[in-house]
Amino acid sequence: MDLDELRSQIDQVDGKILDLFGMRMALAKDVARVKSQTGRAIFDPEREQRKIDDVRRRAPHGLEDEAEELFRLLMDLSKRSQEHVMAQNSPRPYGVLGRVLGHSYTPVIYRELAGLDYRKFEREPDELEAFIRSDEWEGVNVTIPYKRDLVPYMDELSDVAQRMGNINTITRLPDGRLRGDNTDYYGFKVLVESLGLELAGKKAVVFGGAGGAGSTAMMVLADLGMEAVSIGRAGENTYENLDRHADAALAVNCTPVGMFPKCPAAPCSLDVFPKLEGLVDIVYNPARTALMMQAEARSIPCAGGLLMLVAQAAQAVERYTGEVISMDRILDVTARLSATEQNIDLIGMPGCGKTRVGERLAALLGREHIDIDHVLEDELQSTCAEYICQHGEAAFRERETEALRRMAARSGLVISCGGGVVTRAENYPLIHQNGTIVMLDRPVNELSKKNRPITMRDGIEALAQQRMPIYREWADLIVASCDCAENTAKAVRDALPPMLP
């Protein structure tokens, strides 16, 4: 057989190999589609090793290494093909677009409302157009500073977005065009309506009404039939002449004053508004701003910004997917997210077990535990008992308040407070602003007196008579102590409002 005949036979074999190669790659794509539908990974190392072992066993004698090399190449090509297919079949993510995006509740909110894959897209101004024209997202929320910048890239705008001149939600339409919307309008409207008040024809004062959030509030309030007055640092209506609006029925905070970490703080006192019927504050961290706590003290209905955040997300979900999120669902997610983010503050008589119960509760809930006495001991380089004996109770209470001011403003902690936390009224707003206060109720005759100078000085019965009414007044929940710290912690856990998983 001459060289040409041999080459001809090789060409015929190569043709068969190419046909079989095409069949193999087509099957690999079918495998990718099945894996995409079932959520299975592309790479299965155990199957690949079994395949290589089988190839070496079936390969012609002396060609085991060459056969293994060939099939490893085939498997690599198959995996690359499968990755391409799965990338095409995978749904594009949703997300929030901004320049600098810190900690945000929004991924959790979208997961809870609709199970969406929600991500953060941080882009510089010169990257905006490329991002908007790309296909790496299905729908995005837009935050400062891009709410106005992206309007020119929209193919159409909702009526609300046209009126407001800015957008916070971008949806891909079926034909590929981009639609800009603003769901902050709906979110703020839900926030106001949650108060359940008849406000049409009445006056509202809007702190920071000239800003972005303030302009949304002004528009919504006007549409609800209210006389909305913007309050600012300068202009006709300022914080210095608030008394001219003493007839206001609603107060709205659209400033960042009172937001974590500079809390509690308020842009003004509500005492100037004797006819106030309701308050809304768009700040959502802490759960209760200083303004909200002022309203609570006067039994005035109030609402914080978390409900607005969830409600605007619910309308964005409807724009993205067509799914209508019920108001019950919005309220449920808001309540559970709020409970999850708030601290759990344990109070009660000295020796009632706040430290040990706090440790066990934190372990049960997967939270960080902070013991205020331990924080103070680290700072003071002495025990609390020693510091009180050397410097007096007043000096100790001042240091305790400063520690609370730092720790209680944070979120998602279990905090064991000192027994004397209730001796200073200014401590209440510090723990109430972002916490559920739980009193551990233990019989007086079971309280530990070891290393407790104030208990030894005043006597446990006298101390209980002084403090127990205040513990009960401050507490959101009262939980009776059980036979051990573990069971008491479980009782506290079971008494707490529902949280996110």
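Counting begins at 1 with the first residue displayed.
Cβ atoms are placed via backbone N, Cα and C, with glycine included.
Caution: TrEMBL annotation is automatic and unverified by curators.
Here the structure is a predicted model, which means the values were calculated and not measured.
Noted in TrEMBL for the protein shown:
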- 1-86: domain 'Chorismate mutase' (DOMAIN)
- GLY351, CYS352, GLY353, LYS354, THR355, ARG356, ARG452: ATP binding site (BINDING)
- THR355: Mg(2+) binding site (BINDING)
- ASP373, ARG397, GLY419, ARG467: substrate binding site (BINDING)
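Here the CA atom of LYS354 (ATP binding site) lies 9 Å from the CA atom of GLY419 (substrate binding site). Around LYS354 (ATP binding site), the same-chain residues at least 6 positions away in sequence with a Cβ under 8 Å from its Cβ are LEU346, ILE347, GLY348, ASP371, SER416, CYS417, GLY419, LEU440. Cα separation, ARG467 (substrate binding site) to THR355 (ATP binding site), rounded: 19 Å. Cα spacing between ASP373 (substrate binding site) and THR355 (ATP binding site): 9 Å, rounded to the nearest whole number.
The CA atom of CYS352 (ATP binding site) is located 20 Å away from the CA atom of ARG397 (substrate binding site).
Sequence-distant neighbours of GLY353 (ATP binding site): residues of the same chain at least 6 apart with a C-beta under 8 Å from its C-beta are LEU440, ARG442, SER481, ALA485, THR488. In this structure the C-alpha atoms belonging to ARG356 (ATP binding site) and ARG397 (substrate binding site) are separated by 22 Å.
Spacing of GLY351 (ATP binding site) relative to ARG397 (substrate binding site) is 18 Å (Cα to Cα, whole number). Sequence-distant contacts of ARG397 (substrate binding site), defined by Cβ-Cβ distance under 8 angstroms and a gap of at least six in the same chain, are GLY420, THR423, ARG424.
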